[in-house]
């Protein structure tokens, strides 16, 4: 059997190479050069995908990380800051992952251009944060955006407006990989174009692609030439991911022979985070374990809050010289995430992806830092958007902080129904955002609207059955209430 399997594998690989060459022949010379680099990475991933059998981890070898490998944030903060924090900042660049579209929230174009607070987009807030940092410490930390072919054009148009801000902005594009037909294991693309029948033929291959595309783009070398030593990487939709001076100082103050090359910020799991990747000890290395890698029989164990107490926030601090070294040696072996999708026409395809945090095992002296939950404030849904737009947070120089008026530091649990999924629909259902300072839990389902100056406290559940509508009147105060049935307020 193995000889037969080997021949079959070889056949798939040869067919794939032929198809990729045929696709390259349809591109202009300049585009073909860029795509050829992309395809080298893709071929490598495809080769490994064909080799891999079964889950990429042996469950019996999984151990909890040793105590010292995940430091509590308070311990790092207790070190204080040096006199010369500016010289630390001069060695830093901030990288935001900006490849995603706002489609899950019903928006066209890059997710980073959705307004989240006082007409400010994710990108506006990011620029404001870094500009404030540069002015405060008289430094010039640059912002680097990793775009995808989906977001590049729209993002670059918008960047014009930051010309007069005190932030240098670099962009580079992550790779563009072909989606594979699940049955034939061949690309579904007919040409290198991304429009028309080819719109669904391509995908950006997950944020693990940052290492290769960062190197290929030349931006990595540019930053090294400026004397930058570390990048702080995070998702652009995580509004809690600001530059933390204590973590930066901790990195810079390690002795040269024990320089930490990779820090992953983790935070304590709650019931809402059971699917998040976690850190494990595996064959003497710290390693990121994602739910996609877990054998089916162990998924419940993986989701347990008692066994795996922390999860990855995807806020990462990574050494630039180390990225360069590992890329040149081609020794970053990121686990493959096979992401099955069904296209509009019903065709089953697979996307081969990797995660940026999976590289932790390749870096020297890597560690986790258990940070406060406030550093993880992602906006993935309209329920998250409601939280960040509300008076739970105050905005200062692009950073959101929990209001001092809230008595406990956890955020309320908010579940908005399908009528609120799209940002446009969401905005029309609130005359203004309710007072939520004393809210613990909110569930809203069905056709519900909120008038001006509504106040929500404790646990509030509002359910309009099919065909009914509930208008919460202006100035209403709901505390520990269930509202159901039909409540319509008509102007007359």
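Using N, Cα and C of the backbone, Cβ positions are placed for all residues, glycine too.
Marked as UTP binding site by TrEMBL: 111, 174, 206, 237, 380.
The substrate binding site annotation in TrEMBL covers 207.
Taking the Cβ of residue 237 (UTP binding site) as reference, residues of its chain lying under 8 Å away and at least six apart in sequence are, in sequence order, 100, 111, 112, 122, 378, 379, 380. Each of the binding-site residues 111, 207, 380 was scored by the number of other CB atoms within 10 A of its CB, and the lowest score belongs to 380. Cβ contacts within 10 Å of residue 174 (UTP binding site), excluding its own Cβ and spanning all protein chains shown: 28.
In this entry, 111, 174, 206, 237, 380 make up the residues listed for UTP, with the farthest two CA atoms of the set 21 Å from each other.
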